[in-house]
């Protein structure tokens, strides 16, 4: 019966699922423009002849491009497709994620940025050696590389797969076009090229989403009618104050758990820290965080409005999934040549901005943390050339990971989960060092290992327990109207869909360890970072806490000293919590 209803929806017929010449032209222009920006910065200025220029844009960037690049870095194609699908299926509860943006950006602006910027770092993980020791630094670096390499391939492959499923657009042609163009402009133009292409791609993302919303809302009878249909369809959610951490989306999971997710992304992730460090002044770096806040709210609103317009057009007749957003776009723009190409350019802009940031940040941490400390005599010219070679190498690794993702099907769910699972322990490691002066290197190492073990235990346990329960998906459209190419593509797409919706609707209320496995994904970062801090503090106290005189000036943010301001200074000194951030910091490089 459902298949008959879906087949009868004429807008979703196969005849509308194709690209026209204007669409291909607009998509090609995106790739050409991104390449030209890279070539411009390869041939202008200092021509990327120093590591400072290639990796940190000569610390010369102003607030606006840095803020738009911060926004674009984690606004991936998966997010552009996932948010509307989420709203279409479950309603506007997801919109409350915007509450977490306030603290999630305010804390990095006034805590993490001052510490990182005043230490004049290149890699965020240099901080870990200044605060603890070289072993902690290497562990942090290797953990970050593992996180980003796995995530890169999925970010590249997912939008290409969704596009191929809807339009028949050549799958590997799209993957290779994105991967090679991204590798080219990142390798040639360095961080300046990455930031300015992010600016261009952010504009394309906004334009593509706005076009869909405006045309779709007009066809549905206006935004007033869209809102009315959403209300009648119970898609406008009220404030859900349920404190249960296994509930997928409530105010607490979104507004509080989301803060930790934002801190992991905007506070300590190398891709974002590198942008802060490329700013001309500390004030410009702080202002970039403030500018990102309204931009993030706009991005969230656009994604949510797209979902509501989708619901107003189709009601509850279609089982939503990742590629449903592309079906909707092709349907809305079927009589408007060029606009489907604009949205696909928007989609691939999200992928390009995320991947290029990953290439650049991976090249930076590999160079600064794993090569330079062991090759102190390396010349600047050789270091710069090697940095470019690393960016190129990571580009090829990304293509290889995309190919692996195409073969491994259900591992896509694990790949998405790993990004969240690893981010929390890294956040905990930095918080341990920055906020707790008595934490020592032994506590940091044991805490990080415990946090990662907890993260993988919960993440893998969640994945395995859900795979053990059959979760049948409703057919999206029947086989005559859905151009899927082969059983493997179908299997991978099905897995991708379930990974976006996180499979968070168990058949019965979980208990015991199963309840831990069903923890909302938004609590992963908070839970895992807290594990690192608690274990790290206990081990530090048992093995001999760090003394204030042994701390490198400027590596501790005196949060405890500020919170315990009412205590006499001698007691605060005993608690080792009065190290002021304003101490003169030695501008030294780590050998």
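Cβ from N, Cα, C; glycine included.
Within the chain, the transmembrane segment (24-43) has long-range Cβ neighbours (under 8 A, six or more residues past its boundaries) at 177-178, 181-182, 184-190, 192-193, 196-197, 200-201, 204, 338, 341-342, 344-345, 348-349, 352. Taken from TrEMBL, the feature transmembrane segment covers 24-43 (among others).
The transmembrane segment annotation in TrEMBL covers 63-82 (among others). Remote same-chain partners of the transmembrane segment (63-82), defined as residues 6 or more beyond its termini with a Cβ less than 8 Å from a stretch Cβ, comprise 154-155, 158-159, 162, 194-196, 198-199, 201-202, 205, 209, 265-266, 271-272, 275-276, 278-279, 284-285, 287-289, 291-292, 295-296, 299, 303, 322-323, 325-326, 346-351, 353-354, 357, 416, 500.
The transmembrane segment annotation in TrEMBL covers 94-117 (among others). Among residues of the same chain six or more beyond the transmembrane segment (94-117), those with a C-beta under 8 A of the stretch's C-beta atoms are 83, 86-87, 124, 127, 237, 239, 249, 251, 254-259, 261-263, 265-268, 272-273, 276-277, 279, 282, 285-286, 289-290, 292-293, 296-297, 300-301, 304, 430, 434, 554-555, 557, 559, 581.
Among residues of the same chain six or more beyond the transmembrane segment (171-191), those with a C-beta under 8 A of the stretch's C-beta atoms are 31, 34-35, 37-42, 48, 53-57, 156-157, 159-161, 163-164, 197, 274, 278, 348, 351-352, 355-356, 359-360, 388, 391-392, 395-396, 398-399, 402, 485, 489. The transmembrane segment annotation in TrEMBL covers 171-191 (among others).
For the transmembrane segment (203-221), the list of distant contacts is 30, 72, 75, 80, 229, 298-299, 302-303, 305-306, 309-310, 312-313, 328-329, 332-333, 336, 339, 342-347, 349-350: same-chain residues at least six beyond its ends, Cβ to Cβ under 8 Å. Annotation comment: TrEMBL describes 203-221 (among others) as transmembrane segment.
The transmembrane segment annotation in TrEMBL covers 249-268 (among others). Within the chain carrying the transmembrane segment (249-268), a Cβ under 8 angstroms from the stretch's Cβ atoms is held by residues 70, 74, 90, 93-94, 96-97, 99-101, 103-105, 107-108, 111-112, 124, 239-243, 289, 292, 420, 423-424, 426-427, 430, 520, 522-526, 529, all 6 or more beyond its ends.
Among the features that TrEMBL reports, transmembrane segment is placed at 289-312 (among others).
Summarising the annotation, TrEMBL assigns transmembrane segment to 342-365 (among others).
The feature transmembrane segment is assigned by TrEMBL to 385-405 (among others).
For the transmembrane segment (443-464), the list of distant contacts is 128, 132, 135-136, 139-140, 143, 413-414, 417-418, 420-422, 424-426, 428-429, 432-433, 513, 516-519, 524, 527-529, 531-541, 543: same-chain residues at least six beyond its ends, Cβ to Cβ under 8 Å. The transmembrane segment feature in TrEMBL is assigned to 443-464 (among others).
The transmembrane segment annotation in TrEMBL covers 484-505 (among others).
Under the heading transmembrane segment, TrEMBL lists 521-542 (among others). Taking Cβ pairs closer than 8 Å, the transmembrane segment (521-542) reaches residues 245, 248-249, 253-254, 256-261, 263-264, 417, 420-421, 423-425, 427-429, 431-432, 436, 438-440, 442-444, 446-448, 450-452, 454-455, 458-459, 502, 504 in its own chain, all 6 or more past its ends.
Within the chain carrying the transmembrane segment (289-312), a Cβ under 8 angstroms from the stretch's Cβ atoms is held by residues 63-64, 67-68, 70-71, 75, 79-80, 83-88, 92, 94-95, 97-98, 101-102, 105-106, 108-109, 113, 205-206, 209-210, 212-213, 216-217, 220-221, 225-227, 229-230, 233, 235, 266, 276, 320, 324-325, 328, all 6 or more beyond its ends.
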